[in-house]
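Enquirer: This structure is in structure tokens; I'll ask about it shortly.
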Amino acid sequence: MLNPDGVFLGNYRTAFCGLDLNRQWANPAEWLVPENYHVKSLIKELADDPWISLDFVIDMHAHSTSMNAFCFVNLVADDSRDISRMQDELTFLRLMSINCKMFSLNSSRICCDPSKLGTGRRELPQVVQDHTHCYTLEASFFCYQNVGCRPTPFTQQTLIEVGRDAGITFLDYYRL
């Protein structure tokens, strides 16, 4: 959790300094947003280590308007090599939709929305290797809805299950 001081003060997006930490990834100042600065430095250090293959960076958030758990994925450029890359990007999401009843592949978004500039998902690909997947995993503040079922409120237990199911999805991903 990168925002314990903000949460303690009753904020879910802003830190004690009043800034939305999720928009401070481009050039985080150590004195202003030390959480982002040190996490980005650690990710860069891991990415630069020749003994480590950093395959995923996943930023987890609560979403205030959408239902379900879902991912934001960066849009890959249009060339034949990138079609294979996009299929690889979607593999984790497809597996997650199989493993997690709260996760919606249809709610997931592949985009490079300019309003998301400064987010970890948009900025961290610049400090990691080309093969590293950078996602934002979101879970609704409210509920999830499976096809043909009524909306079901998220609880602490179902949010824990989303995390567990993400772990199971990693196991499946590396077995492929």
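From the backbone N, Cα and C atoms, a Cβ is placed for every residue, glycine too.
Here TrEMBL flags Glu138 as active site, proton donor/acceptor. Residues or ranges marked as domain 'Peptidase M14' in TrEMBL: 1-174.
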Enquirer: May I ask which residues of the same chain, at least 6 positions away in sequence, place their Cβ under 8 angstroms from the Cβ of the residue listed as 'active site, proton donor/acceptor'?
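Expert: Those within reach of the residue listed as 'active site, proton donor/acceptor', by Cβ under 8 Å and sequence separation of 6 or more, are Met60, His61, Ala62, His63, Ser66, Ala69, Phe70, Cys71, Phe72.
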Enquirer: Check the domain 'Peptidase M14' (1-174) for me and report the mean pLDDT.
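Expert: Over the domain 'Peptidase M14' (1-174), the predicted model scores a mean pLDDT of 91.
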